[in-house]
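Here's the structure we're looking at; comments come further down.
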Amino acid sequence: MKWLKQLQSLHTKLVIVYVLLIIIGMQIIGLYFTNSLEKELLDNFKKNITQYAKQLDVNIEKVYKDKDKGSVNAQKDIQDLLNEYANRQEIGEIRFIDKDQIIMATTKQSNRGLINQKVNDGSVQKALSLGQTNDHMVLKDYGSGKERVWVYNIPVKVDKQTIGDIYIESKINDVYNQLNNINQIFIVGTAISLFITVILGFFIARTITKPITDMRNQTVEMSKGNYTQRVKIYGNDEIGELALAFNNLSKRVQEAQANTESEKRRLDSVITHMSDGILATDRRGRVRIANDMALKMLGLAKEDVIGYYMLGVLNLENEFSLEEIQENSDSFLLDINEEEGIIARVNFSTIVQETGFVTGYIAVLHDVTEQQQVERERREFVANVSHELRTPLTSMNSYIEALEEGAWQDKELAPSFLSVTREETERMIRLVNDLLQLSKMDNESDQITKEIIDFNMFINKIINRHEMAAKDTTFVREIPQQTIFAEIDPDKMTQVFDNVITNAMKYSRGEKRVEFHVKQNALYNRMTIRIKDNGIGIPINKVDKIFDRFYRVDKARTRKMGGTGLGLAISKEIVEAHNGRIWANSVEGQGTSIFITLPCEIIEDGDWDE
């Protein structure tokens, strides 16, 4: 009867009641946990797959915007993007299908033969036609028997137009396997817990302290920077709510940390890829941040800048102090790289806390080298125009004054003076006409009217005209027999060749000889015209300048021969407007060669027979 008494004891009843409560509670918790875990795992799984799809969507959209649609390069880039996800365990296969339902790329090696073939899939058609995502479950065999697969389709859009579909097969069966394993573990754990509870009832309090222990462990992990772990929730009591709140706190801290890191990376990316140079210092003026553009403009390595005094890096330590920079926010021009000739506009700003404490300085270097060059060229251009107009005007004024003073009555001097005045007037007219033409080209108002012509006939016609006019010059031609067609403005290109040929004849000496060589490159559909003279040549340090406006190698001789200094500059503008190039090679004392490259089409015999 002792055992019956023991059975009826409060201790036993408490143990029995506790065991019954444990059994009921574990069943409820188990069901809730299993359902919640299943939903969480499935949601997380689908969220991950959806995230992969969105990442691919953004990257594929970028590929289509950067490259010609349907090009080989675009297809290869898309394949490379898909390959980045090929080895992910949860991915069965990813395909990219264009708007015509043609498979452009796939991660599955065994299905590479399906590339460029049309696929008939209802979910793909739905995604392409409606422009909306869709998903469904299917059974599929990946070599280890049939398993559940979650298929997800997301349309890819460029400028609101659907250009394709990302088709993803994901191994969701692994999630169910994981749930089964967890259920088995849970069942085993329940049995062990019941066994231990019956024998060691006095350890019941441990069920209360366990969540607290978990939270303590999670706190330790958070202090180490690990925010991914979560406290297991055993119930809905105050401790469970505390665990849930703790998990939410951990999640928010993780999100805040991720946002901070994201903003830091974004800021680093912006600073790195800025077109302006950035130097950021601490409160003592030591450089702590220098982007690539700043290093490039300064012509210095990173180790020669970071940690050094900013004003010393900018060679301003003898001109300014940090206090002066703080008081004066005006920008100024600075020659920061004499070797490269880089001129920058430097703006300084001070980083100040709300309390007024200075924490650092920022220098923004804006490259104005090109602007300064343009301004310098503008001033030179105005000076050259003024000089070119002043010279003939001064000459004309002198002759007119002489005529007013009575020279008009001299039958020998008067005609000579009038002739010089007329020549100077004509030179000014030519100069003004050339300036007007250059102005039209600069403003793109000088229209280029292209037409397809027989270039062989075109160049021979120009040479024949000059050959008939210049009896004292020998013209040598080396022009291919094949017909070369070029799409050019005949009037404009005639002006170019007339200018080059006139210069060649003008500066040739002795037995004047002008050679013409035309070579074609069928591979690139380009031709090169070379016009060579046996003239006085050009010094090697001046060859590249002859296409500059108003540049003359010998100013006195050029004016004497009636040149304005704008002919080759106009020729360069015309050639470049034809997608061509013009340059010169010269040996002083031996002659000069002018090279002109232009697009062309070479017609072989029989090409017109088709």
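Using N, Cα and C of the backbone, Cβ positions are placed for all residues, glycine too.
Annotation source Swiss-Prot lists transmembrane segment at 14-34, 185-205. The annotation domain 'HAMP' is assigned in Swiss-Prot to 206-258 on the grounds of sequence analysis. Taken from Swiss-Prot, the feature domain 'PAS' covers 263-334. According to Swiss-Prot, the feature domain 'PAC' maps to 327-380, an assignment based on sequence analysis. Feature annotation from Swiss-Prot assigns domain 'Histidine kinase' to 384-602; the stated evidence is sequence analysis. Annotated phosphohistidine per Swiss-Prot: His387, in sequence order, evidence recorded as sequence analysis.
In the predicted structure, the domain 'HAMP' (206-258) carries a mean pLDDT of 76. Counted with DSSP, the domain 'HAMP' (206-258) comes out as 39 helix, 0 strand, 14 coil. As a summary of secondary structure, the domain 'PAS' (263-334) carries 30 helix, 14 strand, 28 coil according to DSSP.
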